[in-house]
């Protein structure tokens, strides 16, 4: 009964994500930048669907993945520097940039919970300081890799419009450092506030966390 309920919730999350994906494809700011931004999330969703029956994650992990996917598809549609609500915030509070990019990177820190779950279930590591340290290391490594990919895209395209929008630096030379720092902060807060809930959900799946 509990498994059926969680399956229905997972299906609902998938439907919402696919609806946002379809919306984001309709007249985006540009199809090249859309592909560059959305492709990683699409690949991740395909992998999750392919492995759902044999490696089902907790509902918390799927909720986080759905939230990050939606954030990504919204950013891909408008580009991260032109999301309307954050443009309004920029104008209303006289900010120096559209902060959707920073908001998105902060939310990416939530991925720490997903990485924590995979580590617990697929390695000898269990809950404790080493698990936290390894999970935060994963987050920093992934964040750094993404910044390197953005930099390489800029080099390959020789600073074209699409690469500038993909970078989303908005003239800030410390943008990469800000992005990584915010992702790291998001990961710390996610582990601090969500680990207990995550442990309960893992125990319900009969996962040994101790």
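Backbone N, Cα and C define each Cβ position, glycine as well.
Your range for transmembrane segment, going by TrEMBL and the list 100-118, 157-175, is 100-118.
Same-chain residues lying 6 or more positions outside the transmembrane segment (32-52) and placing a CB less than 8 Å from one of its CB atoms are 10, 14, 17, 21, 24-25, 62, 65, 68-69, 72-73, 75-77, 79-80, 153, 162, 165-166. Long-range contacts of the transmembrane segment (59-80) within the same chain, counting only residues at least 6 positions beyond its ends with a Cβ under 8 Å from a Cβ of the stretch, are 6, 9-10, 13-14, 16-17, 20-21, 23-25, 28-30, 33-34, 37-38, 40-41, 44-45, 48, 98, 100-101, 103-104, 107-108, 110-111, 113-114, 117, 165, 168, 194, 197-198, 201.
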